Amino acid sequence: MTHEFTESYDVIVIGAGHAGVEASLATSRMGCKTLLATINLDMLAFMPCNPSIGGSAKGIVVREIDALGGEMGKNIDKTYIQMKMLNTGKGPAVRALRAQADKSLYAREMKHTVEKQANLTLRQTMIDDILVEDGRVVGVLTATGQKFAAKAVVVTTGTALRGEIILGELKYSSGPNNSLASVTLADNLKKLGLEIGRFKTGTPPRVKASSINYDQTEIQPGDDKPNHFSFMSKDADYLKDQIPCWLTYTNQTSHDIINQNLYRAPMFSGIVKGVGPRYCPSIEDKIVRFADKERHQLFLEPEGRDTEEVYVQGLSTSLPEDVQKDLIHSIKGLEKAEMMRTGYAIEYDIVLPHQLRATLETKLISGLFTAGQTNGTSGYEEAAGQGLIAGINAALKVQGKPELILKRSDAYIGVMIDDLVTKGTLEPYRLLTSRAEYRLILRHDNADMRLTEIGRDIGLVDDERWKAFEIKKNQFDNELKRLNSIKLKPVKATNDRVQELGFKPLTDAMTAKEFMRRPEIDYATAVSFVGPAAEDLDAKIIELLETEIKYEGYIRKALDQVAKMKRMEEKRIPANIDWDAIDSIATEARQKFKKINPETIGQASRISGVNPADISILMIYLEGNGKAHRKY
């Protein structure tokens with residue numbers, strides 16, 4: 001079929017949420033003429049649920065996005081109202097930053113960034129169909145009948161894809177926050193042959209700040225010590241007048257109200273059909289599943305400086321409006337609170353992610369990429385990370401350049417994408433530190449060391465950032481080398497000082513680096529013995545030095561594991577392999593191989609239901625059966 005196109009682009013991105021914004025900024029910054037199409041321009045980078053960025057694992061993803069040249073970290077650093085480092089009492093592998101956002105300012109700032117970006121056209125329009133010829137994307141069709149040509153299309157529709165809002169007995173077609181749902185596009189994705197799933201998520205009610213009795217709650221302030229998501233942000237710009245959050249709890253009365261109205265809860269009445277998030281359950285689900293708990297935490301989170309709306313984190317619900325009011329008034333501090341918005345659930349279609357490659361391109365259609373909640377994830381950060389990778393690979397494909405695949409040992413983004421394309425997901429996927437087997441080398445403090453060079457190679461890291469990175473890396477390398485070259489000897493003067501500080505004396509000569517491996521010796525103590533660096537070091541470099549030195553043995557073991565896995569990742573599996581021709585592999589393994597069609601031995605080994613014996617048989621088969629190459 002010959003199409004008459006009214007406009008032509010290199011890449012078209014459908015949806016301007018957190019995934020779509022990162023995807024479109026990446027493609028345009030890499031030199032591709034890009035269209036970012038959205039149902040509603042006023043909802044660009046909107047936060048329909050929690051007014052925050054970061055958190056456990058997620059905060060590290062934002063740092064990775066920033067290190068690669070993405071925008072989320074810079075944007076939240078300009079628009080937060082509170083910043084807090086989590087898990088400070090635990091090891092460095094699980095520390096992560098979380099910011100409370102001014103949600104309207106966040107969206108406005110991001111929209112301004114998109115509007116200023118060269119090569120990027122922003123358009124309010126509904127995309128109804130993706131045009132495909134001979135298994136390859138050629139463009140899109142709008143609801144008004146316009147046809148736009150494209151060499152690649154990135155679908156980032158979030159929860160709008162056949163979205164339906166559920167509130168008590170009420171259910172109606174809608175995207176998030178009562179925006180339009182994208183129904184025709186959902187139908188057409190299915191017609192293209194993609195396997196579609198149905199998920200559900202929810203959001204809590206918002207209450208009016210001036211109606212809250214804060215005296216009955218516990219204050220949750222931000223940190224005084226400067227921390228940032230972007231490696232380019234300055235400590236001098238760290239916000240001093242942060243806005244606190246507040247902690248309260250449900251109680252037995254709250255639980256009684258929920259239990260007495262479970263028959264009206266869509267979660268239990270059968271109205272909700274989609275699968276909900278395991279790690280962000282509704283309050284009614286929590287009360288039923290954890291009936292022995294006397295109370296559940298609720299955090300009162302301001303949604304910005306210029307609004308009275310307060311997000312009641314932990315109270316996600318789709319109970320009827322009258323029940324929500326009673327529930328709120330049963331909570332300490334909220335006895336007289338005014339409910340400004342009701343909580344609700346939303347069901348939406350997803351593209352089952354086992355149909356994707358690690359580039360986030362669909363296996364079925366060349367040039368068609370998907371990212372974000374469209375792939376079954378939950379969270380703004382997971383969406384933004386996928387959007388960035390999908391956008392990068394869409395641009396690389398258009399330009400005929402090698403694709404970018406982040407491995408599990410490269411980034412949390414790599415862990416997430418590998419989980420999605422290798423294992424799929426039966427529920428909204430959330431990143432957790434426990435999902436990363438190499439988490440000690442995927443830390444908050446070293447995301448730039450891991451990824452900035454990659455961002456530079458693909459054209460997303462500008463000269464200013466690259467220069468700052470080179471200075472930091474040189475300072476780090478030089479100081480590490482210096483600490484490893486200076487020796488402390490167990491002489492009387494040295495040991496007298498060591499003992500004065502309350503530490504065990506030296507029995508053998510050791511380098512300053514070895515001295516720092518002692519749990520009680522920090523960088524400041526070490527340099528008090530050996531003298532300071534040639535130039536003043538930033539606190540973030542000192543933090544990185546302490547972590548790398550104190551955990552060196554564990555880090556080395558992790559890197560050894562990475563090297564072993566790399567060898568398995570380098571063993572490619574032909575695209576045209578006949579899985580039925582391989583004798584002796586288990587039936588379950590054969591079925592999984594057919595469904596996922598892994599690209600490497602490493603990926604095959606991570607598929608659930610596949611055991612080491614199956615991998616051994618597969619490797620023997622490949623060694624004796626040709627060297628066909630995988631092509632897309």
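Every residue, even glycine, has its Cβ placed from backbone N, Cα and C.
Going by Swiss-Prot, these are the annotated features:
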- GLY15, ALA16, GLY17, HIS18, ALA19, GLY20, ILE127, SER182, GLN373: FAD binding site (BINDING)
- 276-290: NAD(+) binding site (BINDING)
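Overlay of Swiss-Prot feature records on the structure.
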residue : record              : DSSP class
GLY17   : FAD binding site    : coil
ILE127  : FAD binding site    : strand
ARG278  : NAD(+) binding site : coil
GLU284  : NAD(+) binding site : helix
PHE290  : NAD(+) binding site : coil
GLN373  : FAD binding site    : helix
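GLN373 (FAD binding site) has GLY276 as its nearest neighbour among the binding-site residues GLY276, CYS280, GLU284, LYS286, going by CA to CA distance. The Cβ neighbour count for GLN373 (FAD binding site), using a 10 Å radius over every protein chain in view, is 30. A count of other CB atoms within 10 A of each Cβ picks out GLY15 as the most crowded of the binding-site residues GLY15, GLY17, GLY276.
Across the structure, ARG278 (NAD(+) binding site) and ALA19 (FAD binding site) place their CA atoms 22 angstrom apart. If you count neighbouring Cβ atoms within 10 Å for each of the binding-site residues VAL288, PHE290, the highest count belongs to VAL288.
Cα of GLY15 (FAD binding site) to Cα of PHE290 (NAD(+) binding site): a span of 37 Å.
In this structure, the binding-site residues under consideration are ARG278, LYS286, and the one with the smallest number of other Cβ atoms within 10 Å of its Cβ is ARG278. Cα separation, GLY17 (FAD binding site) to GLU284 (NAD(+) binding site), rounded: 28 Å. The two recorded residues, ILE127 (FAD binding site) and GLY276 (NAD(+) binding site), have Cα atoms 27 Å apart.
It is 25 Å from the Cα atom of SER282 (NAD(+) binding site) to that of ALA19 (FAD binding site). LYS286 (NAD(+) binding site) sits 29 Å from ALA19 (FAD binding site), taking the CA atoms of both as reference points.
A Cα-Cα distance of 30 Å separates GLU284 (NAD(+) binding site) from ALA19 (FAD binding site).
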